[in-house]
Amino acid sequence: MKQFISVKDVANINSIVEKALAYKANPLVDKALGADKRIGLLFLNPSLRTRLSTQVAAKNLGMEAIVFNVDKEGWALEFEEGAIMSGNTVEHIKDAAPVMGEYFDMLAIRTFPGLQNREDDYSEMYISQFIKYAGVPVVSLESATLHPLQSLTDVITIQEDLINSQRSTVKSRPKVVLTWAPHVKALPQCVANSFAEWMTAWGEVDFVITHPEDYELAEKFTVGATITHNQDEALKDADYVYIKNWSTYNDYGKVYENDPKWMMTNEKLALTNNAKVMHCLPVRRNVELSDEILDGPNSLVTLEASNRVWAAQAVLSEVLKSL
Amino acid sequence: MKQFISVKDVANINSIVEKALAYKANPLVDKALGADKRIGLLFLNPSLRTRLSTQVAAKNLGMEAIVFNVDKEGWALEFEEGAIMSGNTVEHIKDAAPVMGEYFDMLAIRTFPGLQNREDDYSEMYISQFIKYAGVPVVSLESATLHPLQSLTDVITIQEDLINSQRSTVKSRPKVVLTWAPHVKALPQCVANSFAEWMTAWGEVDFVITHPEDYELAEKFTVGATITHNQDEALKDADYVYIKNWSTYNDYGKVYENDPKWMMTNEKLALTNNAKVMHCLPVRRNVELSDEILDGPNSLVTLEASNRVWAAQAVLSEVLKSL
Amino acid sequence: MKQFISVKDVANINSIVEKALAYKANPLVDKALGADKRIGLLFLNPSLRTRLSTQVAAKNLGMEAIVFNVDKEGWALEFEEGAIMSGNTVEHIKDAAPVMGEYFDMLAIRTFPGLQNREDDYSEMYISQFIKYAGVPVVSLESATLHPLQSLTDVITIQEDLINSQRSTVKSRPKVVLTWAPHVKALPQCVANSFAEWMTAWGEVDFVITHPEDYELAEKFTVGATITHNQDEALKDADYVYIKNWSTYNDYGKVYENDPKWMMTNEKLALTNNAKVMHCLPVRRNVELSDEILDGPNSLVTLEASNRVWAAQAVLSEVLKSL
């Protein structure tokens, strides 16, 4: 694997999921694979789970991981071609990326959308420029429109739960519902886009998206999904419910709706097939979903977060093999 | 040892001190003990000595230490049960702690008191919530009311000095004096509380506390100590003088007194039994104590700070053995 | 080597350059040299290349590197002798440096000039105080007036290019030109001072400095260089052109001149002997020099930045041997 930016970089979803679960069973089996290799973890935005799980995954593979908070420890980068740099940006990505490509065997980078200009964000200029100029494989730790390590984790978690639960009530094709939830600020569409992209590419579940009117995601990520504005209808008989807030895509980056009726509660859970509940974290408790669910037996959120290690390890392992 | 939050977690003070001094003599003797183990060092507040000495200690034990500045690299955590998280906190400790417990074999955490509400601070809610939800052993790197790694270091340093100095003038029970000193801002009571707790629990010294009126510490930490407002009297014949500022406990978090007469100087040192002088650092020179003492032969402060490594190593080693 | 603060700490420039190029050919040849040794990398100012390249160099030598951003993770240090610390500084270098000297086998430190008071900056008080009190070898990661790791890298890069290019048109003594360039803010003189000091000490090139009137550097660093205000004349027949902005030295820390005519362009490159172009990065594109040069075949800037690793590795290796 020469890069990991979206589901399109994965040849076979089931086989990378299997690999991740094998690492979970035996974390240090490939400890020699990354010997004398080095990954640079570059953060233009904050991170807790993604950073720590990737550090742990790298270490499990015997590789050194060096974290660099570009925004805090370094300085503002310029991404525009041809810019006359007389403003606040201190260094162009065309100069910074190849240098980091010389220091590291692979680079991983997190960068968020500005949510001001849709065309800018959806062009994925930041991560694309990194890939163009780094000269080494690049792994996304979340970009302007996608969060593929999270989505791989989500597939792993569903697959693991299906194996472990052997719930007789789960259909041969489980029903997975992505539901919008309220939040206190305008969030990116990354996790939702990416989850939709992976669920439809995986193809082993019936996938439904529910959100308020005018909260449609970009069509290119949701082809193959059933979309409805009726949350109750969507939740009916669901086996897995994925809760996530996002801001509007069409009239870009806005918050139209904050109605607590969209918050996930036990009352709504009763509509489902005793569904397991997922969330990528961090979660706003009692805004996106209620304490009773997060602290109850149906929550998979800690399992999901812990699986971030195995998702990262499977991806880094594939990249290492391509070096 | 399943946690290290206060002196109560230590079965035998003299034996952990002995262990620390053995590590000082032979730092790498237990390098295999921490192989493939990982500690997360979480900082909600700044740290120099505590962070670096714990990293060094972990490395000496062959363990990986990953530092995470929660406040700067992550985001604000929520600690209140049942909070409706529509404010500035981004993630609840109930969600963050178990995830970090999945990534690490043990966690160490620094968190300061707010000094606004005594009941809140003295409930030790932050570190207690971490312990409750982390699912792995937790080591305090200083909490709202205590700083046990510092106090263990202080006992080690006194013990080492007693062995090395063989001062014939030292009594069989040395006199140790904790004296309040002026400062420019309101500081926590942690170091003073903890030093008092450890000195009285150790029981091998005559322990005196001196401070201005109305600067009484919480009684639960000072039982067994002699307390006086007369600094000169306290210093008389002292073998060790520990200088520390703290803000008021009763009328919580206030600065009543800033009189330079409480600053430790050579003139005051003359009252003692040629006492060794201790301070946890960072120290405000010529405010808390004078250059002449810090740069003179009686100062133990660098030795004390260097012993932080061996205190941390002894504690981490005990925790490793309990895994 | 007991310290690395300026060219004066290097016994033989050609032999340390040779050592660096040998490491480039075989990075892990001395992996055992730094076993169980530890370097503290202390930053009072931001850094990208210097930090990452030194971390990589330390790792290549088998040594542990711990990064500490003193300004962000710690607190403000006091450097004045005898200060009454009732202001904003929290800890005196006299207390912090010896403690870090206890934790590490060597220390490396970055500190920038204030550009307010020339005497203060040129006294190099910060790094001198560190050296005085640390008790272990100190390596400069850039100080108030010099950036020796950068200059060593620059010599390495010129030497490597001379070997690789075998350009028949290069004279037996190549002509190296340091030219001032415009910038948007007042910058230190460090890189220019240091480059001048190393070029004249190296003695294997004809060295010319060109800058606007009143931008003279401190004479002690430029003895032996030809200095001219006529950039075109300076560039004539140049084999290497080093571009750098600096603020005024005489009327200290000012920006007198911002004329784009000093920007390096292909038109100016035509005056040279097809010169290779160097810059220490970060560079303000289309302010200091043009895209066409940076993206063209004459630019050495990525090579130069990648050579930072080998410069640091050669220096750390020499320091390790002195322990």
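A Cβ is built for glycine as well, from the same backbone N, Cα and C atoms used for every other residue.
Counting only same-chain residues six or more apart in sequence, the Cβ atoms lying under 8 angstroms from the Cβ of A:CYS280 (carbamoyl phosphate binding site) belong to A:HIS147, A:GLN150, A:ASP154, A:VAL191, A:LYS244, A:GLU304. Secondary structure at A:CYS280 (carbamoyl phosphate binding site), taken from DSSP and collapsed to helix, strand or coil, is coil. Residues annotated as carbamoyl phosphate binding site in TrEMBL: A:SER47, A:LEU48, A:ARG49, A:THR50, A:TRP75, A:ARG110, A:HIS147, A:PRO148, A:LEU149, A:GLN150, A:CYS280, A:LEU281, A:ARG308.
In this view, A:ARG284 (N(2)-succinyl-L-ornithine binding site) is surrounded by 25 other Cβ atoms within 10 Å of its Cβ, with every protein chain counted. The feature N(2)-succinyl-L-ornithine binding site is assigned by TrEMBL to A:GLU142, A:HIS183, A:LYS244, A:ARG284.
Annotation comment: TrEMBL describes A:2-160 as domain 'Aspartate/ornithine carbamoyltransferase carbamoyl-P binding'.
The domain 'Aspartate/ornithine carbamoyltransferase Asp/Orn-binding' feature in TrEMBL is assigned to A:192-317.
The subset of binding-site residues A:ARG49, A:TRP75, A:GLU142, A:HIS147, A:LYS244 lying near chain C, with Cβ atoms under 8 Å apart, consists of A:TRP75. Of all the binding-site residues listed here (A:GLU142, A:HIS183, A:ARG284), A:GLU142 has the Cα closest to the Cα of A:TRP75 (carbamoyl phosphate binding site). Proximity to chain B (CB-CB distance below 8 Å) holds for A:ARG49, A:ARG284 among the binding-site residues A:ARG49, A:GLU142, A:HIS183, A:CYS280, A:ARG284. If you take the CA of A:GLU142 (N(2)-succinyl-L-ornithine binding site) and look 10 A around it, the binding-site residues you hit from A:ARG49, A:LEU149, A:ARG308 are A:LEU149.
You'll find the Cα of A:SER47 (carbamoyl phosphate binding site) roughly 19 Å from the Cα of A:HIS183 (N(2)-succinyl-L-ornithine binding site). Fewest other C-beta atoms within 10 Å: among the binding-site residues A:ARG49, A:LYS244, that description fits A:LYS244. Cα separation, A:ARG49 (carbamoyl phosphate binding site) to A:ARG284 (N(2)-succinyl-L-ornithine binding site), rounded: 16 Å.
For the domain 'Aspartate/ornithine carbamoyltransferase Asp/Orn-binding' (A:192-317), the DSSP-based tally of helix, strand and coil residues reads 47 helix, 20 strand, 59 coil.
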